[in-house]
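Here the structure comes first, spelled out in structure tokens, and everything after it is commentary.
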Amino acid sequence: MTWHPHANRLKTFLLLVGMSAMIVFFGALFGRTALILAVLFAVGMNVYVYFNSDKLALRAMHAQPVSELQAPAMYRIVRELAASAHQPMPRLYISDTAAPNAFATGRNPRNAAVCCTTGILALLNERELRAVLGHELSHVYNRDILISCIAGALASVITALANMAMWAGMFGGKRDGQNPFALLLVSLLGPIAATVVRMAVSRSREYQADESGAVLTGDPLALASALRKISGGVQLAPLPPEPQLASQAHLMIANPFRAGERIGSLFSTHPPIEDRIRRLEQMARG
């Protein structure tokens, strides 16, 4: 079984560089003061998210902590995988919902939490559950919460500067010698471009977690089988498309909403399931 993590890492790095380049461009329009204010706002907001990501996600899913007596298989699998990776044991939670999904959150391995829904526990066999938990632990070990917050901070800066461009275009463009139509165009396209790049970062991290999770468990075909089941299960029992749940959808192992409720692929937080399965099957073939 071969694993090529560097391609996804390079892609993530280049996407973050691209977002930084957008910020430099916007900063050139408004000068240093506006750029500093936007950066301070975005960093402050995302620092809060970084340190509270576990609480926000667990609360949104109404997740409850479980003991080893309540979830013996889940505890045994996670303990074995954590020991294999030489990492601490995370806190385990279960969300009482029929929607088949799982997620991990927490800013580092010592503050990590892993949550499974009752739907996914009922749907998967133990081999598939092990593969899913390996995927989720890989998100923690790869520091994906930190990467997500960096991408979020950069996107927030771009959005804040784009809003400034909009107001400048409407009220101050001609007076300041700037083209108001150009400013309004930038204000419209900037947030869209930032969102597209941010979602691309999220999709890149999903591929990375698929690969590193498959290496951790040594069983890429089990993860492929689990993803196939989860994809079908979501169509039967999706999460309700509520804003609080939508804000946490990027943490899930698969898009938790029914196909008709998804937005375009450029704005999706997850790669197509079929593509993920194909990559895992290629890994298994070596």
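Cβ coordinates come from backbone N, Cα and C, glycine included.
Of the listed candidates (E80, E126, E206), Swiss-Prot assigns E206 to the same Zn(2+) site as H135, H139. If you count neighbouring Cβ atoms within 10 Å for each of the recorded positions E136, E206, the highest count belongs to E136. Other Cβ atoms within 10 Å of the Cβ of H139 (Zn(2+) binding site), summed over all protein chains shown, number 26.
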